[in-house]
């Protein structure tokens with residue numbers, strides 16, 4: 001019987017240096033994570049440019065992808081933040097495309113899932129919250145701080161409500177980043193373990209290979225499920241971004 005091949009489900013999340021770089025004593029190396037982030041940006045740009053270059057009454061595949069993506073994000077943003085929120089469309093659309101493609105590319109063998117890194121997801125979440133705070137203060141001034149003081153609250157309870165709202169606001173980037181990070185991490189680990197189990201059965205030969213088709217079918221089904229999760233997590237991240245942006249656009253609502 002063949003020796004079982006050890007498969008480490010965590011190794012796929014290891015960050016490797018491609019080009020070692022140091023600046024003022026700080027490691028700023030170009031890594032596999034940075035490489036695949038560039039790939040994601042390039043891929044999104046190519047698809048959208050190709051899809052919007054030549055318009056036709058009967059759209060091709062790339063034009064259909066571009067149009068459906070545009071309409072989907074535009075309707076989501078308008079429903080969450082109203083017409084005034086449409087000024088954030090380029091920002092929200094970029095967030096959705098980046099997260100969705102990052103999730104999808106991570107399912108391709110020998111690639112890297114950048115959204116499985118808490119530093120990446122937390123960075124995205126901080127960009128969202130930072131945009132909300134900066135725009136809210138510039139547009140509404142101190143009136144923006146009214147989001148921490150709900151109207152109609154008794155003056156006796158107001159200090160407690162302000163404290164609760166502040167804690168809730170501070171926790172937004174934490175929950176936003178952990179939700180995406182944890183789902184991508186757990187899904188890819190499970191997929192790797194299941195794939196390793198199937199490979200082990202096939203490599204063992206004899207009677208073990210006869211039962212391999214069952215777990216193999218489960219891997220195929222779980223991969224399809226992960227494709228759905230890739231979209232759902234991008235959608236959840238996007239819809240929450242729209243909801244948070246609504247605080248900056250309409251701080252009194």
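A Cβ is built for glycine as well, from the same backbone N, Cα and C atoms used for every other residue.
Remember, predicted model here, so these are calculated numbers, not experimental data.
The feature transmembrane segment, as given by Swiss-Prot for the ranges 67-87, 88-108, sits at 88-108. Checked against Swiss-Prot, the range among 211-231, 232-252 recorded as transmembrane segment is 211-231. Long-range contacts of the transmembrane segment (118-138) within its own chain (CB-CB distance under 8 A, at least 6 residues past either end) are made by residues 33, 37, 88, 91, 95, 98-99, 102, 144, 147, 172-174, 176-178, 180-181, 237, 241, 244-245, 247-249, 251.
Packing against the transmembrane segment (211-231) from elsewhere in the chain are residues 100, 103-104, 106-107, 183, 187-188, 190-191, 194-195, 197-198, 201-202: each is 6 or more residues past its ends and has a CB under 8 Å from a CB in it.
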